């Protein structure tokens, strides 16, 4: 290129730049050509990858910094498989966390700059204060916190019931009042049940309040009726006398519970009592009461009232009792069926409780009664398909057993908190009464 041409090009370029710099020009400004410093060529002291900066006292990459931030406090790793002689880099992956942490510490990484408790909500700093209430002050929950009368604590009263046991033994020794010639044991038990259930044609007394004397009369009546009923059981009479007493002591309250349910159902059917009342018999006298309004005096055995003791059991016992009575009304068991239900319930419970020879004995008695019940359905009732009826009978018994279990749990709870201040000469007899 000639000198004249170069001069022309230079002049032309200068004119163009002057036009671009003029205020009226709309052309864009030239780009910023500031020189950017070259990225640092330092490597991570831990893994020798390109470093990001200084983290926790060492020049590291972001990955190693995050690793140390995560595991710098716990330092809880599995032992090294190569005795702390791992190669630190294998295709970009550290195979041993323990050796990686040791390398971090060797190059001076520390936890001094770690930041903790940066969350706006810190439960550790909250002042959790339990309000000072009567429950927290006394150390007892409101469920069992009662206002017992002052001066109620003292020596326990002793109740001797040996006379009751002696009377039951005497009844068993005397046997049944009248010998009966029947085809099987179940029929004889049905006859005995009719004899001991007492009159059910009219009401003798309506009970509104009951105390120590009335409670012991009920217990005595139920225990003696059970003993008298067992005298109609020939196979039971052949057992050793000690075994008879042991079985009687363990089941008399179950007999009273199931028999009273059946008696109440029969009384409601005959309109002898209202639908919200229950019935029982004491000394051939029919007694009825409304459990919702019945006053029970427990001052002779406890420093708490009956209403206060209801806090030990939130289950609606009265509703459960109505369910059982209605189920018995729908079933309308015959005396043979009711006798079998009572025996099955009593023998099952006493066998489960006493085990050993008693369990084997009651299982044999149940087998005899089961065969008699089969003969009763097939030969007398002409009902060979009776499985549904058996299922309804066992459903009632199972419900009674569930109530019995709840009573035992409640009794254990009352024992822990020393609700009753009495001692009985035979505590096992009245455990679930």
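In case you wondered, yes, glycine gets a Cβ from its N, Cα and C as well.
These numbers come from a predicted model, not from an experiment.
Sequence annotations record features per position, and here Swiss-Prot assigns DNA-binding region to 41-116 based on sequence analysis. Taking the DNA-binding region (41-116) as a whole, pLDDT averages 80 in the prediction.
Look at Swiss-Prot and you will find 44-64 (among others) tagged as zinc finger. Helix, strand and coil content of the zinc finger (44-64), in residues and according to DSSP, is 3 helix, 7 strand, 11 coil.
Annotated zinc finger per Swiss-Prot: 80-104 (among others), in sequence order.
What Swiss-Prot records for 177-433 is domain 'NR LBD'.
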Requested in this report: Give the residue counts of the DNA-binding region (41-116) per reduced DSSP state, in the order helix, strand, coil.
Outcome: 20 helix, 10 strand, 46 coil
